Structures are given as C-alpha cells and as structure tokens.
Amino acid sequence: MRGAQWRRVPWVFLSCLCFCLLWPMILGTITTSVRIGSQRRTTPSPPSTTSQTRTTLSPRTSIGTHSTPAPVPVKPKKGVPLFPYGPSVGDREFVKRISDFTSPLFKPQIGFPLGFSLRDYLYFTDNGQIIFPESEYQVFSYPNPPRRGFTGRDPVALVAPFWDDADFSTGQGTIFYQEYETLYNEHNLLVWQVESWIKKFTYTWNYKARWTLKVTWVKAPAYPARWTYGTNTYQAILSTDGSRSYALFLYQNGGMQWDVTQRPGNPVLMGFSSGDGHFENSPLTYQPLWKKYLPDQFLNSNSGIRGLQVYSLHGEERPNYRLRCLQWLKEPRGPTWGWNQISCPCSWQQGLWDLRFQPISMGWWGLGSRQLCSFSSWRGGVCCSYGPWGELLQGWTVHAPWQFDQELEPWDWCCRWNDKPSFCALYHQRRPRIGCAGYRPLRPAWMFGDPHISTLDGANFTFNGLGDFQLVRAWDGNSSFLLQGRTAQTGSAQATNFIAFAAKYDTSQLGPITVRWLLEPNDTIHVQVNNQTVTFETNHEDPEGPETFNTTGIIVTRNGSLVSAIFDGTVTISVIALSNILHASCGLPEEYRNRTEGLLGVWNDNPDDDFRMPNGSTIPRDSTEELLFQYGMTWEISDIRLLGKRDDHLPSNFTPVFFSQWRGNETSGNNLVSECDGDKQCIYDSLATGSRSTGLNTKMLFRSYQKMNTTLNKYPPSIKGQQVLEAYMGQTTRVQYTSHSKSVTFTLRNSSTDFRIFENGTLLWTPKSLEPFALEILARNIEDNLSSVLQPKTVVCACRKESQCVYNLTSWVGGSSLEVAGCKCDGDTFGHYCERSKNLCEEPCFESVQCIPGKGCEACPPHLTGDGRHCAALETSPLCQNKSCPANYCYNQGHCYISQALDCQPVCTCPPAFTDTRCFVAGNNFTPTLHQDLPLRIIQLWVSEEENASVTDVNASVAYRLRNLNVRAFLRNSEVVPSDSETVLASGSLLRRWRVISEFQYLPQGPVIDFLNTQLLEAVVVAFLPQASWRRWNRSKEPRTDVNFHPISREDVKSLLALNVSVLKNYFNCSGYKDYKLVYSPQSGLTCVSPCSDGYCEHGGQCQHLPQGPRCTCVPFSIYTPWGERCEHLGMKLGAFFGILFGALGFLLLLGAGVFVVLRFWCYCGNHYSYPLDSVEAWPQ
C-alpha cells in the first residue's frame, strides 16, 4: 500500500511542474501591467490615426508606413507679387517654339556694371538666364548648369534667376520683356518701385536707376515638354545707375510647379557670376533638391518676403562716364555766341603776340603742352593747346572764363575717360573742334616816341600835337570802342609825348568798361578801371610772372612798366613807360573793319585815305609835316570825361619843331644819332629831346612792333591729306601728305615699327599688332622753324577676314587714339575679331556625357533619352496627366506633386523641419530666420598709402580686400576719412593715413558668427599684408581697387561693435512649432533644434514634434513597459511578473521532486538487500 502511493507521487509532481511552466505563457497575453512600487496605472492609448504609404525624395524621409495625425491643413503663406507684365503694360513677347533659343541683344548706352567690368551686351534665354557675352556674336543658350554652382572662375558671365533646361517647343508658355531707359530722370512707376525695393533691401539710399530690364518667364515648361508636367512662372529685374547694379528674382507664389522627380540631371542653379571673380550662389544652392525647385516658398531672411531674392551684381562702385557724357549732351546748350568765328592762333609764337589769348596752366594736361585761352561775352571762349615745337594740337570752346577744369569735364567724360569713340564724336558735334583755319590776328596800330603813329592800315606819320585827342573810335553790331590820348610837352623841347591814355569799351552784355593809364614819375603807370585804382595780384604759380587784375569783361596785366588791358577778349591795349613817355599799341578785331575813325585812320586796307578828318575830307598820304599837324589837330577833343581833368595848363599856341627843321643839325648832333642806324623816328626823338636813350627807346619799340606784326602774320605750314586712315592687319596702306610751303619736312612725333613717313610726306602703315599708338604727323618749315601737326584718325581691322571689317563701329586701344574696327562675324565664327570658330562642344553637354570635337555630345546615359545635350527621363504612362493633388494636401508650405513612380499618387516635398510625408510632424533641425533690425559688426581700421589716392580709390581698395576674407560677411564701408596729419617719407613721397569704418553682417549659418567675433580683427591684419597684385576695374583707371597700402598692425584695427551669442539669439527666430530652441556651435552657427533630436524621449521612446510641442510614444522592451510624458518611468509586465513567480515555484517543486526521487530510490535499494538480525537464525545450517 505504501509503495503504491509513493509510485503515484512523480506523476503528480510532473503535472504541477507543467502547470507552472505553462502559466506564464498564458498570462503573457494580458496587457495590464503592475508598476514597480506602490502605485498602479495603465499606459495611455494613442489617438486615432490614419495610415498612409508615401514616397518622397527628401533625404530625411523614406518609403514606408507612418502614422500622422489628421489636423486642419495650414494654408501656404503669401508670397511676393510679380511686377505687372504682358502686353497691357507695354511688354514685348519673345518666344520660339524650339528647345533652345536666345533673345535679341540688349545694348545699354551706358553699359551694365557686372563684377569688375562694364558690359556692353546682354540677352536672355529660354533656360532662365540673362547672359553677358564678351562679344556681339558669342550667343549660346547653355541649357545645363554646372553642378558645383558658381565659383568665380566661370567662363560665362550671367545672371540666373532659374537656370535649368526649359522647352517651349510644344506651344506652351512664353516670355515677356521690357527695357526701361531713365537716363534723364524720366519718371516710370515700375522703375520707381524697383528703386524703392533696392533701397530697402540693400540699404542703398541714394539709388537712382538709369537702365532697367524686366524679363518674365510665363508658364515655362521643363524639358521635354512633351511628357513633363508642371510649369514655372518667375521674373527677373536687372537695374543699374551706371555705377552699381542689382538683380531682383521674383517667383510667383504657387507658380513654381516643375516636378522634381523629372529632373534627372544637373539641379537648378540660381545666383550670378560676373566671369571675373565676383559671384554669389542662391541660399537654396546647398539645400535639398526638393527645396531648390520651390524658390517661391523660400523666405528671404533679409527682406522677410517669401519668393524674393536680391543680389548686388557690381564688384566695385565706379563712375560711369558714358552716363555723365549723355546727361551733359542732354543739358540745354545755352548761348552759342559766335563760335563759328572763333579760331586758335596757328602757333604758340603767334598766340603770345595776340593779347586776346592769355597763357594758363591746366595742371593735368599732358606734359610738354601749353595752353592759351580767350573769352568774349558775345563771341564765346576758346582754349588752345600747343606742343613742344609751338604747333597747335587742338582747341576747344569754353562757356565761362577761367573755369577751365569744369569746362573740360565733359571732354573727360565723353573722350578722355570714355572707352567708346562714338561718345567723343557726339561731344564734338556739340562742341566742334577748334582749329586755326579761320584765325585772323588783331589789326595793330602804334603810338610811340615823340609821338609817332602807325595807323591800322600801316600809314606812318609824326604828330606833335598838344592836348587831348581821339585816337580811334570803332563800332559794330555788338560793341563799340573809344581810345583817347593826352599829350604834354616833352620837357623844354618843342615836341610832345603821351602822358595818358583812356579807353572805353561798351557792349550790351556787359555795359561800359573804362580804363585809364596815367604816367607817374620813375616810369610807373597808375591804372584805373571804371574810375577805381587797380590792385594787381601776383600769380602764385609764377611769382616772377606778370601781375593780374581780372574782373567782368576786362583783364589787366602788369609786367614791370608794361600794362596791358584786354577788353572782353576783343580789343587789346598795351602801354609801356620808357624815358617818362607813354608808348602804346592797339589791336582791333576784324569786326571793326570799315568802321573806324580818328588818328589811327580808316581801317579798310587802303592807307591812302587814312588821313580823314572829322568832316569827312581827306588829305593825301604824302602831305607835308605841317599839313599832317593841322590834320591831327582836327581830332582834338574837349570832352574830358574819359581822360579826366588835366593837372597842367596848356599854352594857347604851341607849334612843334618838325623833322625837316632838324635835318641841318644832324651833323652837330652826331653823338646823339650815331646809334640810330638811319632810323628816322630815332633821329627825330634824339634831336628833339636831346636824349640818346629816348631815341634808342623809340627805335627799339618800333622794331618790336614790326616783329610783332611779322609774327602775327606768319603762319606754319599746312598739311593736306587723308584725315581718316583705315588698314587691315598685316597689309600696307600708303598715304601721301603735302603742304603749301616749299621748305617743309615731314616727321612722326612718336616712332613706331608699324608707321613710317618719308620727308616728302609719304606715309606707310603696316599694322602688325594692336599696341596703343597715337599717330601725329609733324610738318616743319626749315626756314622759319614753324611747325604744324596733323592727328588723323587711325582705324585698324583685326578681324579674321577682311570682309568682316566694320570701320564705322570702333573702340579705342588702350589710352591712345588708335581705334580698332568692329567685326561682323558670319554664322560659323564669334569672338571680338571673329577669331573663334563655333563648334558643337562650345555649350556643355548633359552631366556625365562627353563631347567629341567635330561630332558633338555623345548619347545620353542608359536610363535617359535625348540628344546628349538635352537628356530627360524616359517617357512614362500618360495616366498621370489627368491627376492633380487634393486641395491643401501638404501642410506647412509643403509642395504637392503627382509622382509617376508611385502610380500617380500625391507626394509632398517638405521644409527641412518636417520628418513625415505630409509636412506635419516636425523634428529635424533648420536655420533660424533673421530680424531686419539685427545690428552689424563694426570695426575701425587705419590704413596708410603714398599714392595720393582718392577717397573713392581707398574705399574700393579696402572693400575689395575685406570682401575677399576667408568668410564673406563684409557689407560696406560706412566712412572713409583722410587723417589731418601727413608724413613725408625719406623717398620724398607723402604718406597719408585713412580712417575707415567697416561694417559686416551677422548670418546664422556656418562659421560667420565665430569668425566675426573671434577671428575678424586678425584676418583684417593679414588681408593688408603685401600682395603680388590686386584686381582693378579692367575698363578704366578709376576708381582703383589696387591701392598699395602699407601693412597694418593689430593696433590699427579696433572693434567698435560686436554681439556675443547670447545677444545674437534675441535677433533670430525659430518660427514654427513650439519648443524649438536655438543651439550654437562655432562651425555650424545658430541652428533651430527640436527636443526630439536631443534625446527628449527616454527609454527608447519615439518622438514626434507636433504643433503643441514634442510628444513621446513609449515602446515596451524586454520585460519593461516605459511610461510617462517623456517615457521616463519604467513598469514591468504583469505576465512577466507571474511568469517569474510561478517559474520560481515550479523550479522549487522540481527541485523537491528531484530530492524526493533520489531519496525514494535510495530507500528502495535499502529494502531489497537488507534483512533483520533475528532472522539469521532461521537460515538453514
């Protein structure tokens, strides 16, 4: 009985053991958990969700099932409106129904500043570019943008609002454009709006647009238009004031609809490159692909406007002389006077004797040249420049006397500093060149000695009248002139001499002007102008030169005892005091011919009628001295208003001693007249006054007057021959020059291997290069040593073929007068001189496709189709053509498109913050937005130079260096001021110091903040170390960017304003979902970081950033179940707890059973082999 019971025990034990082992598995299906501790709760259930399977090409999403809440969609934010376009606002339409086309060339009169160059041509393409070609025939469409973006080493200069391969060949889409020229302050509403935007977004408050181009691409299809879906509508505005240039890119809100899944090649490129080192890529360049194709949703951090990008296209600011020239040409001409009557003296020697022309200094004018200027209120002014041999170089008209720098500014703008000869031609139409063809010297008349008079027609006589006399009265339709003289007895001699002269000049433009010359002791002259004593001023540039007095209508000069007056640039009077006698010369212009009377005769080139009395009667030219004396007395005047009251009393009857009375005494006075060399006037004056010096002075003056008259009427040799020379490169052109003079030799002022001239005037020109050269042909008369110069226009053609030469379309070579002809290239060539042949590899092929010279692009990659230059994804089923995205399908400005790869299902491309497929669940990091009132980083630096640079040059040179620091954050120089202190170096040059205030802009992304706050000052010091060379504007000398500054030290750079990171954070905003925070790192800058990316959920919880903030979904693991708002608490599963409990009990039972079995087995073995002791006796013996 007992054994049977023990045998049943293992089966009971096994049953219990099985129950204990299976029980935890049963309980494992129960979801209720027990908290480790004293409290108990259940895990929160998730809200209802909708499950969507979506595909996006964003790198932050993937194909799969993801649960997203279903809130009310957020409508896209409003974007920038395009400027009005289309025929209704005067736009022109330009489109070709082919895959690639280019617009006609635009040729702004003032050029277009791009980078460091002034561009002459530009055109737009169907592919969203505005291109600036180097030459007129270098026109290509370039459909494939470079993947690397703009680098500054780009071979083509262009502005790219949306550079990608477009296709208008199917008839869809078009392009509108309009050009606005506001050179003369014309008002245009659109231009005014563009100016306002530029001022607002670039902080340029003095901007006035002079040329503007608006181009609008409307519903532009992507290539190939046959099976791609979606179109783009956007606009580009180019604007310049001649010195600065800007671009505005505007993208229609919701109008950028190209399907990113259909762009297999190079992604779209936006920004610009000048082709000479100045460039800028769009902020979208390094963003995800989906975002590049949505520029309409891009928020400009500087402007705060969505869908707008603004660029400064100029590399440096410099004057635009084309604009200044055109504006000057537009100004009212003012009075033209009688400029057709103005001419220059034909030689420097001739001009010096013509007192209408005064020597002046113009400073900047070429070394070796000299200038003479004259001005008349009714005839205008003229200035003349002369070369080292006295030859006339050129003359030009002037409006105002003695303001020559201002007068020459238009010539600087249109000719000297302008690279286009056409502007200089316009200048000379407004102000024709002044030569000497019409030059006529003043007609002289002289009054000298005791007194001897030479009339205007050259009749000579001696008149010793005593009193006041009318020397000449002249008049014409513009002016009148009166000259009177006063004589006194010469000591005790029976002779007289002049002691005073008075002149009156009257014109309607100026009113009367009077001048008096009064003899004073010691051969001095007292001068009065309009009854006021003249105070002369010393010329500071030439202290030893003549003193001057200059007032309206009159110039008076004094050089020792010689005093000259020039009346309104028309009449000249020179008076000199010698031996207490006044001697005078008078010069009258051609306008007074046949309109004179007085002792100086009737000017009509007939000396026989010069002795005409006031009553009109005339005495013969060969009359006796006595008769001539009586004639002279008829011109005595009693009106003393001009000469003033006499200080002496005149005798009632004064009769001089005539020359005939002295003839018998010549022998007795041999000592007095021995040096007169037979000169009649010298002999008379020596004998009459008893003074040899008086006679010699008379002789000297008479010869001086004769020399003046000879010089004034002696002209340099003329040069006859071609004024325009044209030659083709490498071919010899022969031209013959001649002169009216016989003893003339021809030479070239400057030697050249291309030009050769023979003494007889034969010129040979064989152009071999385009080196700058100014051709000047000199003709010199070997008898009188007078020279003239001819500066013919020289035009060389360097085109590939002679038939391509366009000689009437030229440009200057360097700073010389040599011009190079334009070239009209045929269809197979391009370049400045048509030197380049068009080939099929000129435009880059599609990415990874090679171009074979002479054959063109190879085939497209295997998965694409096209001609090698244009490649596209293979055509798919047209089923998606009738599909469209549901309204408001994507949240938070996400872009919806129909994906052909997912059976025409809608797909969202989301802003970078969002992690799901419909742009609702955030969690990714993104760049914060910038407040407009963010302060700038400001520094002060002291720089020094010894080149006498201008403020503009220093500003441009400093800006260029700061703009090229390792981190580009330079904005502008707000102040450039020279120091008051200057230092003279040992070399003799002047060292000038400049104080410059420079401003930099904080930007959130990249190392900009760390650089500006910790490295900027040292980087500025390094930037001003000596460099091999610095770039300069390649078309003009001003303003320069290559000023050589002395190295600066750390003490020369001072920080004026810097913001630390904690302050900067107040100016940046993480606009979007709640609980995003700004995080700073030196290399990455400021970033908006979601708590989800910073371990917000603990214990492996899944984080979703919703509009209300981050939310955690707790995920059980092992035997634990996390719970709490951030899954920060851990709970153990109830099934696991009982499983462990009963498992432990089962183990104990199993252990007990094992022990029992062992013991039972042992007991069984003991009963089978053991016997009681008392039973031993029972065994048989």
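Each residue, glycine too, has its Cβ placed from N, Cα and C.
Taken from TrEMBL, the feature signal peptide applies to 1-28. Annotated compositional bias 'Low complexity' per TrEMBL: 39-62, in sequence order. Per TrEMBL, the feature domain 'NIDO' maps to 161-316. The domain 'AMOP' annotation in TrEMBL covers 317-431. Annotation comment: TrEMBL describes 443-643 as domain 'VWFD'. What TrEMBL records for 881-920, 1089-1128 is domain 'EGF-like'. The disulfide bond feature in TrEMBL is assigned to Cys910-Cys919.
Taking every recorded stretch in 443-643, 881-920, 1089-1128 and counting its Cβ pairs under 8 Å to the domain 'NIDO' (161-316), the highest total belongs to 881-920. Across the domain 'NIDO' (161-316), the model assigns an average pLDDT of 91.
Helix, strand and coil counts under DSSP for the domain 'EGF-like' (881-920) come to 5 helix, 11 strand, 24 coil. The number of other CB atoms found within 10 A of the CB of Cys910 (disulfide bond), across every protein chain shown, is 28. The DSSP breakdown of the domain 'AMOP' (317-431) into helical (H, G, I), extended (E, B) and coil residues amounts to 42 helix, 26 strand, 47 coil.
Taken residue by residue, the domain 'EGF-like' (1089-1128) breaks down under DSSP into 4 helix, 16 strand, 20 coil. Contacts of Cys919 (disulfide bond) defined by a Cβ separation under 8 A and a same-chain sequence distance of 6+ are given as Cys890, Tyr891, Asn892, Gln893, Gly894, Cys908, Cys910, Pro911, in order along the sequence.
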